[in-house]
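Participant: Below is the structure I would like to discuss, written out as structure tokens.
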Amino acid sequence: MARFGTQKLYIDGAYVDAGSDATFEAINPATGEVLAHVQRATEADVEKAVESAERGQKVWAAMTAMQRSRILRRAVDILRERNDELAMLETLDTGKSYSETRYVDIVTGADVLEYYAGLVPAIEGEQIPLRESSFVYTRREPLGVTVGIGAWNYPIQIALWKSAPALAAGNAMIFKPSEVTSLTTLKLAEIYTEAGLPNGVFNVLTGSGREVGTWLTEHPRIEKVSFTGGTTTGKKVMASASSSSLKEVTMELGGKSPLIICADADLDKAADIAMMANFYSSGQVCTNGTRVFIPAEMKAAFEAKIAERVARIRVGNPEDENTNFGPLVSFQHMESVLGYIAKGKEEGARVLCGGERLTAGDFAKGAFVAPTVFTDCTDDMTIVKEEIFGPVMSILTYETEEEVIRRANDTDYGLAAGVCTNDITRAHRIIHKLEAGICWINAWGESPAEMPVGGYKQSGVGRENGVSSLAQYTRIKSVQVELGGYNSVF
């Protein structure tokens with residue numbers, strides 16, 4: 001018997017059975033335990049969710065800005081009241097350490113919802129004078145029914161990042177969580193209903209991206225799709241979204257981000273930043289700075305500091321708050337990461353730390369991979385070029401600023417980048433030349449609600465968070481008003 005039984009779909013403000021008996025398993029990657037049997041949505045369920053969302057969206061959009069704001073703020077309050085419960089469920093489902101989910105995942109997701117709840121009354125149009133007797137005004141109107149498709153690494157946080165601006169602008173959202181980690185998004189749907197969100201304004205459909213995701217993105221009455229995931233899948237989603245209608249799209253995709261450490265940097269601080277850029281959340285963060293560039297003359301000292309810090313990582317049961325490094329999200333993903341590690345060894349990179357699956361004692365039950373650091377890396381190695389999405393750092397050396405900027409930009413990705421230096425002029429000079437959408441100077445990883453998040457090149461389209469994201473969930477209607485006479489040319 002699974003701990004959480006059978007998980008149903010969430011449509012029109014309630015849990016409902018899917019149109020078929022098909023289910024998939026939610027598995028705890030730390031132990032292999034089956035947590036739940038999750039129902040697979042059918043195409044008929046998708047249609048039911050769209051119809052429900054259309055009804056709910058009309059009710060939601062007709063409310064005043066202050067009414068919508070109050071409901072979203074109530075959802076924030078409930079999220080914070082249930083923080084620990086939701087965090088533990090996220091830990092069980094993803095394998096992320098409770099020390100992380102308790103203080104980050106729900107907390108930061110609630111912050112984003114609170115941020116957009118505060119912006120609801122600020123959605124406004126413009127008045128543009130033309131001449132004494134005529135002017136134009138604009139209205140920002142909601143799109144209608146939107147779709148969010150989440151990744152498996154930050155399930156509830158991503159659902160909040162996508163739903164917060166969508167709902168704030170008066171839209172409805174149908175959300176499809178990753179098949180790997182579906183549980184907390186269903187709880188979010190409950191919370192929205194409890195807070196007073198009209199039925200149908202936030203529906204959750206569980207199932208595979210190939211089926212449920214495609215049915216949603218190809219649906220002609222969906223107005224926007226916001227997707228987080230890999231670049232290859234993102235391209236398919238974009239093509240699918242335009243196959244039946246011209247939909248708005250936001251894509252937050254993959255990365256192979258550079259962290260450049262300059263010769264004048266505080267090496268201890270740089271090592272701390274490199275650790276956060278590679279091993280936070282067991283390395284499963286899209287913005288990770290996995291290509292660490294260090295001046296050649298500083299390499300040995302930097303390696304020593306990294307090895308010392310890796311030895312202090314507390315790998316263990318993610319339910320234990322003392323643990324700060326848990327398993328990977330699934331056994332399938334573990335095999336993918338181990339394949340990259342094997343490739344790194346085969347291509348001549350030197351293993352400084354880790355480089356193996358952990359199998360001692362209870363580790364054997366889970367998808368645990370040791371924090372891994374490769375050094376003596378070159379730009380043409382597979383581990384340097386491809387996104388691994390795991391706890392694998394690659395150390396590379398460089399000689400000049402011009403060289404490292406060129407090499408940092410020599411990638412199809414452009415999600416994030418960082419610079420460590422005590423020279424603020426150099427910091428800005430380098431950052432301004434890096435082809436990345438999210439950049440940090442002497443820091444890594446923080447993405448507050450106010451900060452637009454998104455990539456260059458094949459790392460994404462559009463932005464999440466920040467004021468500009470709210471506008472992406474509206475469309476502008478322009479209205480010209482003539483107060484005087486009208487002269488026809490006929």
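Quick reminder: no glycine exception, Cβ is built from N, Cα and C everywhere.
Remember, it's a predicted structure, so these values are computed and weren't measured experimentally.
Here's the feature list from Swiss-Prot:
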BINDING   I27, D93, V180  K(+) 1 binding site
BINDING   G150, A151, W152, K176, P177, S178, E179, G230, T231, T232, T233, G254, C286, E387  NAD(+) binding site
ACT_SITE  K162  active site, charge relay system
BINDING   L246, K457, G460  K(+) 2 binding site
SITE      E248  site 'Seems to be a necessary countercharge to the potassium cations'
ACT_SITE  E252  active site, proton acceptor
ACT_SITE  C286  active site, nucleophile
MOD_RES   C286  cysteine sulfenic acid (-SOH)
ACT_SITE  E464  active site, charge relay system
Participant: When DSSP is mapped onto helix/strand/coil, what comes out for K162 (active site, charge relay system)?
Facilitator: helix
Participant: Out of D93, K162, V180, point to the one nearest K457 (K(+) 2 binding site) in space (Cα versus Cα); all of them are recorded positions in the record.
Facilitator: K162
Participant: Cα distance, P177 (NAD(+) binding site) to D93 (K(+) 1 binding site), nearest Å?
Facilitator: 12
Participant: Taking 10 A as the limit, how many CB atoms besides its own sit near the CB of T233 (NAD(+) binding site)?
Facilitator: 19
Participant: For D93 (K(+) 1 binding site), which of the three DSSP-derived states applies: helix, strand, or coil?
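Facilitator: In the DSSP reduction, D93 (K(+) 1 binding site) maps to helix.
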Participant: Can you tell me which recorded positions out of T233, L246, E252, G460, E464 are within 10 A of V180 (K(+) 1 binding site) by Cα, answering none if there aren't any?
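Facilitator: Checking each Cα against V180 (K(+) 1 binding site), there are no hits.
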Participant: Specify the count of other C-beta atoms within 10 Å of the C-beta of V180 (K(+) 1 binding site).
Facilitator: 19
Participant: Show me the subset of I27, K162, E252 whose Cα is within 10 Å of C286 (NAD(+) binding site); these are the recorded positions I mean.
Facilitator: E252
Participant: In the structure shown, which of the binding-site residues L246, C286 has the fewest other Cβ atoms within 10 Å?
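Facilitator: Fewest other Cβ atoms within 10 Å, among the binding-site residues L246, C286, is found for L246.
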Participant: Counting only other Cβ atoms and using a 10 Å cut-off, which of the recorded positions E179, E252, E464 scores lowest?
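Facilitator: Across E179, E252, E464, these recorded positions, the one with fewest Cβ atoms within 10 Å is E179.
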